[in-house]
Structures are given as structure tokens and as C-alpha cells.
Amino acid sequence: MRLHVVDHPLVAHKLTTLRDQRTDSATFRRLADELVTLLAYEATRDVRTEQVDIHTPVSRTTGVKLSHPRPLVVPILRAGLGMLDGMVRLLPTAEVGFLGMVRNEETLQASTYATRMPDDLSGRQVYVLDPMLATGGTLVASIRELIKRGADDVTAVVLLAAPEGVELMERELAGTPVTVVTASVDERLNEQGYIVPGLGDAGDRMYGAAE
């Protein structure tokens with residue numbers, strides 16, 4: 001597994017505003033969308049392309065286009081939905097799948113409650129969207145499901161990560177073609193499994209379900 005922390009002043013600026021408890025849901029959604037696009041730029045650095053011949057208004061030349069099969073973008077429900085627009089803004093021709101995961105707040109274990117994606121992901125580059133890499137259980141379970149379906153190149157785009165989650169992924173997904181792209185690796189998890197300093201519950205803050 002490879003970890004890439006994006007170091008950019010705009011990323012740091014938007015992340016700081018997301019962390020602020022005074023930021024309302026509408027602003028939170030907008031900033032999360034903008035931040036995802038910045039992270040997506042780095043996450044797609046190795047997106048597969050193929051050579052193509054074209055004619056400009058002046059002459060013939062050679063360029064590149066995205067290869068087939070098209071990349072697959074998979075937001076993890078529900079908070080991952082708030083990251084979808086920011087990702088497909090850079091990959092408008094990508095296919096979109098959905099993966100519903102829920103975490104037991106007592107055991108912190110993740111389980112699947114819904115899937116909608118191709119059964120065969122052989123040869124596909126897959127981009128998984130989840131705001132928080134906290135304990136790591138949700139992302140590990142999600143990526144295992146994708147690899148089971150044949151995905152051979154998985155990139156997880158997360159706004160924030162905790163060291164504990166990164167360590168779990170490195171241990172559980174050792175030797176797999178997985179990259180994690182994030183704006184920050186924070187200090188730690190608290191006893192409730194939240195990232196510290198973090199930004200709270202990303203889903204609740206996006207959709208206004210809780211303070």
C-alpha cells in the first residue's frame with residue numbers, strides 16, 4: 001500500500017475551514033467538493049491513457065485519451081456521496097458504482113448493506129471515496145470487495161486519515177495494489193473512534209443531521 005499526503009496551501013486552507021465547528025453544512029459541502037477535486041488531481045496522476053491521433057485546426061498531431069475500460073468511481077454511502085461531484089468533475093466519463101457500508105459504533109467493525117457495481121472489475125482502475133480513514137475497517141472491507149471482483153488498481157481518496165487506520169490498511173492490505181490519497185494524517189483516534197483533531201462526523205456535518 002502507498003500513502004500520499006497532498007501538500008498544497010489551498011488544500012490546507014480548505015481543510016482548516018472544514019475542521020472549524022462554526023462552518024455550516026452548506027459551506028462544508030461546498031468546501032469538501034472543492035477539496036476532493038484538488039485531491040483527485042493527485043489521485044489520477046497515474047490514470048491509464050492511450051495514444052490517439054487527432055487533427056487540430058492547423059495540423060495533425062498525437063495526444064492521449066483515457067483508456068478502456070473506463071475508471072470506476074465508488075463512493076461509500078452515505079458520506080462518500082458528498083465527494084462524488086468533486087471526483088467526476090475531473091473524470092466525467094468514469095462509471096459510478098455504490099457501496100453501502102455501516103460501522104458498528106460499539107465494535108467499530110464495518111459490514112456491507114448495499115452494493116451496486118459491475119461483478120467483474122478485471123483491468124479496472126477504481127477510485128474509492130470516503131471522507132474519513134479512521135479505524136480503517138470500512139476501507140479495508142470495501143477494498144477487499146473490489147479486489148474480490150478483480151480490481152487490480154485501487155485508489156482511496158479520503159479527506160482525513162488517522163495513523164491507526166493507515167497502519168491497519170498497511171497490515172491488512174500488504175502486497176495489494178492500493179494507494180491512499182489524503183489531505184492530512186492527524187494525531188490519533190479517541191476512544192469513540194473519531195479522528196483527533198479531525199473534523200467531527202463528516203456525514204452529519206455534510207447533511208446537517210447533528211451539530
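A Cβ is built for glycine as well, from the same backbone N, Cα and C atoms used for every other residue.
Look at Swiss-Prot and you will find R78, R103, D130, P131, M132, L133, A134, T135, G136, G137, T138, D201 tagged as 5-phospho-alpha-D-ribose 1-diphosphate binding site, backed by sequence analysis. With a 10 A radius on its CB, T138 (5-phospho-alpha-D-ribose 1-diphosphate binding site) counts 25 other CB atoms from all the protein chains. Secondary structure at T138 (5-phospho-alpha-D-ribose 1-diphosphate binding site), taken from DSSP and collapsed to helix, strand or coil, is helix.
Residues or ranges marked as uracil binding site by Swiss-Prot on the basis of sequence analysis: I195, G200, D201, A202. Taking Cβ-Cβ distances under 8 Å and a sequence gap of 6 or more within the same chain, the neighbours of A202 (uracil binding site) are A32, A79, G82, P131, M132, L159.
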Check: So how many other Cβ atoms are close to I195 (uracil binding site), meaning within 10 Å of its Cβ?
Finding: 26
Checklist line | Neighbouring binding-site residues, C-alpha within 10 angstroms of R78 (5-phospho-alpha-D-ribose 1-diphosphate binding site) - of I195, G200, D201 | finding: none
Margin query: Which binding-site residues are spatial neighbours of I195 (uracil binding site) here, meaning Cα within 10 Å, out of D130, G136, T138?
Written below: none
Next item on the list: Any same-chain residues 6+ apart from G200 (uracil binding site) with CB under 8 Å of its CB? Would you list them in sequence order, or say none?
Entry: Q21, Y194
